[in-house]
Amino acid sequence: MNHGYDFPRQIQFANQEEKQEFSKFPTKTGRRSLSRSISQSSTDSYSSAASYTDSSDDETSPREKSQVNSKGSSDFCVKNIKQAEFGRREIEIAEQDMSALISLRKRAQGEKPLAGAKVVGCTHITAQTAVLIETLVALGAQCRWTACNIYSTQNEVAAALAESGVSVFAWKGESEDDFWWCIDRCVNMEGWQANMILDDGGDLTHWVYKKYPSVFKKVRGIVEESVTGVHRLYQLSKAGKLCVPAMNVNDSVTKQKFDNLYCCRESILDGLKRTTDVMFGGKQVVVCGYGEVGKGCCSALKALGAIVCVTEIDPICALQACMDGFKVVKLNEVVRQMDMVITCTGNKNVVTRELLDRMKNGCIVCNMGHSNTEIDVASLRTPELTWERVRSQVDHVIWPDGKRVILLAEGRLLNLSCSTVPSFVLSITATTQALALIELYNAPEGRYKQDVYLLPKKMDEYVASLHLPNFDAHLTELSDEQAKYMGLNKNGPFKPNYYRY
């Protein structure tokens, strides 16, 4: 398919307007410790319910095992290297629905645009992210990888990556000490020093700043994909402590609309069904937050007959909810009537103990935000309340009067704690991450300052164009006269940077 331009080794900005200025994100306060000052993602849950093995199969810590792959390398730490064959099958299945990322791999691997790149990554380790990692390797990068939270890893996928030669340090069910140990093993390798960082949540970036600040002397850039991690980058930039350029992938159109909106629209139902077998028709549901994730959740729940209301702090998002047919309420006014409470704000203490005390028997409580700070789960760990694990990632919290609240994934990210997300959507995000790495790594000195940048519009459009063949979609091409009339280049970008899709 002719997109009107070839894959660029370096994606050029047309003008200075495409270099986005950073802006302030809301500040989170009250972190529990210095080690958590960047994000709470190590205790977020992003594990796949489809994982071949559960972490409880073998209680021996991977840190205590001596394992080697078929090539004789031991530079990894996974649950069981013998699971590699199963992990390879899962990666191959994921590749079938990630054709755009595979297309990018084939187009660019001849040029090796990441030759010489040493990428240290901290993301969710699933079959889909494995396709991204192996794409980076095919484009010339050396990679060392760890998981961005303690429940995110598909053990067999980590084994397959280790078998293929990627130095991966991750397993499902890590302790918090294990989590930081794995990050340290990725960064602190004698004779190997990273020059690119790919992060999801900001913990890796924080660890490098805290323990190995000299690494930033050689790092060319940071690519960050989460709300939480981007928020931390803007904080560092505002404080004058950001010492390398950073690319904000989270706020790219392809990430916001597809990963946050369309992905959550499907995965919210999957996670709830797998854990509770609940019927949605007629259920009273409150969704806290009407951003892209909230919009996706509300759309899906409404389509299955749930009676949905929304809480919001932003009048614009609140008005959007009203126009979409949802009543905007305060949580404390409706919590007694709700059958489900779903958080997706990115904030902390959205659902407090006081609100939990007022919920009715059988209320389902879960979180679709990145961090596990939205539901005050710690307040439920008190002597008067009884916790009863009824199935994986499902707890009944029982009050003295017998009331039960059904808590999913201990307040951590629901969709990939309790289900999966579509490979196609992750292909969009992963392709964007790969292009951002290529751009930062190959950018001439001086193009990017020590700031946070959004992806150029041209790059967003390129990512979208790679995925259109999956739908046999055919773009209409502007005539010269039409392009002149609109003041556009025939090959894009087609929208100004301020355009809101």
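Every residue gets a Cβ built from N, Cα and C, even glycine.
Automatic prediction, not curation, is the source of TrEMBL annotations.
The structure displayed is predicted, hence computed values, not measured ones.
As written in TrEMBL, here are the features:
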- THR126, ASP200, GLU225, LYS255, ASP259: substrate binding site (BINDING)
- GLY291, GLU292, VAL293, GLY294, LYS295, GLY296, GLU312, ASN415: NAD(+) binding site (BINDING)
- 260-421: domain 'S-adenosyl-L-homocysteine hydrolase NAD binding' (DOMAIN)
- 1-73: region 'Disordered' (REGION)
Nearest by Cα to GLU292 (NAD(+) binding site), of the binding-site residues THR126, GLU225, ASP259, is ASP259
Those binding-site residues from GLY291, GLY294, LYS295, ASN415 that fall inside 10 A of ASP259 (substrate binding site) by CA distance are none
By the 10 Å Cβ-neighbour count, the most surrounded of the binding-site residues ASP200, GLU225, ASP259, GLU292, GLU312 is ASP200
Argmin Cα dist to ASN415 (NAD(+) binding site) over the binding-site residues THR126, ASP200, GLU225, LYS255 returns THR126
LYS255 (substrate binding site) sits from GLY294 (NAD(+) binding site) (Cα to Cα, rounded, in Å) at a distance of 15
Going by C-beta under 8 A and a gap of 6 or more residues, the same-chain neighbours of GLY296 (NAD(+) binding site) are ASN260, LEU261, TYR262, CYS263, CYS264, ARG265, GLU266, ILE268
Check: min Cα-Cα distance from GLU312 (NAD(+) binding site) over binding-site residues THR126, ASP200, LYS255 goes to LYS255
LYS255 (substrate binding site) sits from VAL293 (NAD(+) binding site) (Cα to Cα, rounded, in Å) at a distance of 11
One finds that other Cβ atoms within 10 Å of the Cβ of THR126 (substrate binding site) number exactly 28
